[in-house]
Amino acid sequence: MSFNSSHLLPPQEDLPLRHFTDQSQQPPPQRHFSETPSLVTASFLNLPTTLTTADSDLAPPHRNGDNSVADTNPRWLSFHSEMQNTGEVRSEVIDGVNADGETILGVVGGEDWRSASYKAAILRHPMYEQLLAAHVACLRVATPVDQIPRIDAQLSQLHTVAAKYSTLGVVVDNKELDHFMSHYVVLLCSFKEQLQHHVCVHAMEAITACWEIEQSLQSLTGVSPSESNGKTMSDDEDDNQVESEVNMFDGSLDGSDCLMGFGPLVPTERERSLMERVKKELKHELKQGFKEKIVDIREEIMRKRRAGKLPGDTTSVLKEWWRTHSKWPYPTEEDKAKLVQETGLQLKQINNWFINQRKRNWNSNSSTSSTLTKNKRKRTGKS
């Protein structure tokens, strides 16, 4: 048994839905359900959960008879497939779990059964937690900040996915499965690094270029993008032409959102959240890259501070000499040699201390000397 490309999906993906659009192709003649099937939660870790037309057509009615589809359960998981073998349908029964935590029984056969057995084997594998963590890490890199709680909310439904495949007991080749799991984890880790590089480098370059264009436009026209309507043509005929060209591609697009319509460059909520995320990622990368250098510089500064700070008992001797010689605080070489013997410091340290001490007391000495000269002048004037 080999894990081909069709089975490389994560185990949290639900089984594919089958929609019979052709009237000539009829659905399987029998539906073996022990009870009326109910709606199931959205695909696990499948963030875009917009309800499509095909999903609404396949959604079963509620138990109260209402045919409306619940907004919170956009997809109905159908464990029903057909496998014809000599005119008979070969089926197996597995358990499923609906949104209310109740168990439902469905019929699975053929390729659906094989795919479900692969997913069950992956769920029971020891590396499944590591695989799921790598998959979620890739999602968190490229997901906007305001959408991250949706990932956590879907992770809380992990027990329902495990319960859904718990009844399958198909044995898979362990060596082949180990090889698949290990290579898939390595692939996801590499993909995460590529996503981080894209978010930190390419996306930031695009945002910066967009900001520069915005500033250039404002400097040339004097109008900020938020004040304008994003239109570059003033004639109604030209405006209608732009709208018709946009509608040719997609009826849901308008001139403000289309690049060919030169819409406003005002960032959306997701773009702002992406910018914040890019800034945080860049700040984190810078901290990690320069962390060792910052620590070395800090240690060097602290070492110099510790080296420049003299012990308290030695400074007391120097301060005492300063007070006794405050009128002329310039020690001679003999005084310095005596201070070296008394304090145990080096001659360079004593010289630096006196230089700094004179700088600290420079203002006080100048003020006292000026007052002394004024007093002398007054005395000489009176005499």
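Glycine is treated like the rest: Cβ placed from N, Cα and C.
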Worksheet entry | Annotated region 'Disordered' segment (source Swiss-Prot; candidates 52-73, 272-293) | 52-73
Item to complete: May I ask you to indicate which of 1-35, 316-350 is given in Swiss-Prot as region 'Disordered'?
Response: 1-35
Practice prompt. Please give the average pLDDT for the domain 'ELK' (281-301) in this predicted model.
Written response: 79
Discussion item. From the DSSP assignment alone, can you count helix, strand and coil residues within the domain 'ELK' (281-301)?
Written reply: 20 helix, 0 strand, 1 coil
